[in-house]
Amino acid sequence: MAGARGLLCLWLGCFCLNLAQGQRPNLHLPGLRGTESSDRMTGGGPSPDLRPHDKVSEHMLWLYDRYSGSNRAQATRTPGSQLPGPQPLRGGNTVRSFRAAAAGTLQRKGLHTFNLTSLTKSENILSATLYFYIGELVNTSVNCPESQGCSHDSQRQHIQIDLSAWTLQSNQSQLLGHLSVDTAKPYRDSMSWLSKDITQLLRKAKQDEEFLIGFNITSRAHELPKRMLLFPEPYILVYANDAAICEPESVVSSLQRHRDFTAGTVPRLDSHVREALSVERRKKRSTGILLPLQNNELPGAEYQYKEAGVWEERKPYKSLQTQPPEKSRSKKKQRKGPHQKGQTLQFDEQTLKKARRKQWIEPRNCARRYLKVDFADIGWSEWIISPKSFDAYYCSGACQFPMPKSLKPSNHATIQSIVRAVGVVSGIPEPCCVPEKMSSLSILFFDENKNVVLKVYPNMTVDSCACR
């Protein structure tokens with residue numbers, strides 16, 4: 001017993017001495033070594049079994065947040081994920097995404113096919129990038145034994161990825177070009193998306209009107225896993241400058257043509273992407289209702305209601321009635337055309353007083369006035385992802401002589417107002433209240449092939465008004 005007690009005291013003394021010298025006893029606990037090796041292999045990132053989300057929609061939403069001034073990019077990005085950094089538009093106004101179709105077979109090679117028919121003749125390709133996922137290849141690396149003490153820099157794979165591009169036709173296929181990518185990256189899931197510039201390939205394909213192309217992804221020294229070729233799909237981002245976007249009614253020609261979308265055919269975004277979009281849509285909506293004033297005066301300020309049921313609760317009109325014809329009316333009034341409306345809205349006294357009060361407050365001169373456009377009201381909400389509505393504003397008001405400097409009249413508008421006021425020449429109208437400065441609007445939508453597109457449309461929001 002005394003001998004055992006002495007050995008115990010000796011062991012405790014050595015243990016305390018090691019702690020004092022900064023050394024740690026080597027305690028082999030079961031299960032920790034396997035976890036440590038796994039973390040070293042993956043770089044502490046997510047498990048390789050975790051499949052990334054819909055990167056195409058997520059990447060396009062990131063670009064929309066960037067070019068529309070939104071602050072939701074961090075909310076959209078999922079924890080532990082990292083989007084490939086986009087390149088600037090460089091003077092362009094369009095970003096198109098193309099999702100790869102199911103892998104096919106061409107000369108016994110797996111292909112990722114892309115349908116580029118959405119590219120228009122007016123769109124000049126500035127740059128194009130192919131994004132593809134190799135996370136499963138990177139994370140299935142050779143495990144570094146703990147006994148060798150491998151450093152972090154040595155845990156790298158230098159694998160050459162070969163990309164062969166093909167133009168696909170009905171009866172034959174033609175090689176478009178070869179590219180290579182070096183995957184000299186650490187073992188982290190955040191680095192498992194690779195990208196390659198394919199600008200010249202797509203320019204050549206567009207010039208030759210070859211809009212169906214395929215990419216074959218192979219490795220020289222390693223066999224790519226079959227699962228990589230199936231999910232997640234590669235995608236292409238094309239940055240372009242649309243020369244026709246400044247033409248009259250360009251926003252209508254590029255957006256209204258998607259009316260062939262039927263219910264249920266519009267693609268659905270990933271759940272976390274839809275949640276990020278819903279942050280903006282949950283903002284309180286205000287509806288401007290212009291009251292009929294039964295004269296030719298300028299419309300008053302709009303009514304804005306915070307709740308949907310306020311208008312019905314207040315009951316500003318009594319009923320929709322048909323006015324009986326008066327017997328004392330002259331035949332001339334009775335012979336008015338059938339286009340004349342026989343129904344008028346009967347407003348209560350409280351509503352009319354409020355309308356008159358707002359008319360008095362409303363500036364009579366040329367000014368910018370509020371207008372909110374909801375794409376659902378014009379039937380475009382099915383294919384427009386964001387924004388669902390925007391503040392367009394409009395210009396209205398008088399440009400009468402003498403015009404103050406605040407109306408910023410042009411020299412021609414000043415002379416025109418003087419001639420009209422003097423009355424030397426009859427029939428001269430007063431200058432018009434028109435937009436002076438306007439700003440662009442970024443719109444994210446689905447094209448006819450159900451690919452996500454970002455376009456920056458100019459002159460969509462009125463910033464200031466002037467007399468011209």
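Placed from the backbone N, Cα and C atoms, the Cβ positions cover glycine too.
What you are looking at is a predicted structure, and each value in this text was computed from that prediction instead of being measured.
The disulfide entry in Swiss-Prot for Cys395 points, among Cys366, Cys432, Cys465, to Cys465.
Here Cys399 is paired by Swiss-Prot through a disulfide bond, and of Cys432, Cys467 its partner is Cys467. The recorded disulfide partner of Cys366, taken from Swiss-Prot and restricted to Cys432, Cys433, is Cys433. Within 10 Å (C-alpha to C-alpha) of Cys467 (disulfide bond) lies none of the glycosylation sites Asn115, Asn216, Asn459.
Cys465 (disulfide bond) is 7 Å away from Cys433 (disulfide bond) when you measure Cα to Cα. Each of the disulfide-bonded residues Cys366, Cys395 was scored by other CB atoms within 10 A of its CB, and the lowest score goes to Cys395. Spacing of Asn216 (N-linked glycosylation site) relative to Cys366 (disulfide bond) is 61 Å (Cα to Cα, whole number). Contacts of Cys399 (disulfide bond) defined by a Cβ separation under 8 A and a same-chain sequence distance of 6+ are given as Asn365, Cys366, Leu407, Pro409, Ala413, Ser417, Glu430, Pro431, Cys432, Cys433, Cys467, in order along the sequence. A straight line from the CA of Cys465 (disulfide bond) to the CA of Asn115 (N-linked glycosylation site) spans 44 Å. Counting Cβ atoms from all protein chains shown, Cys433 (disulfide bond) has 24 others lying within 10 Å of its own Cβ.
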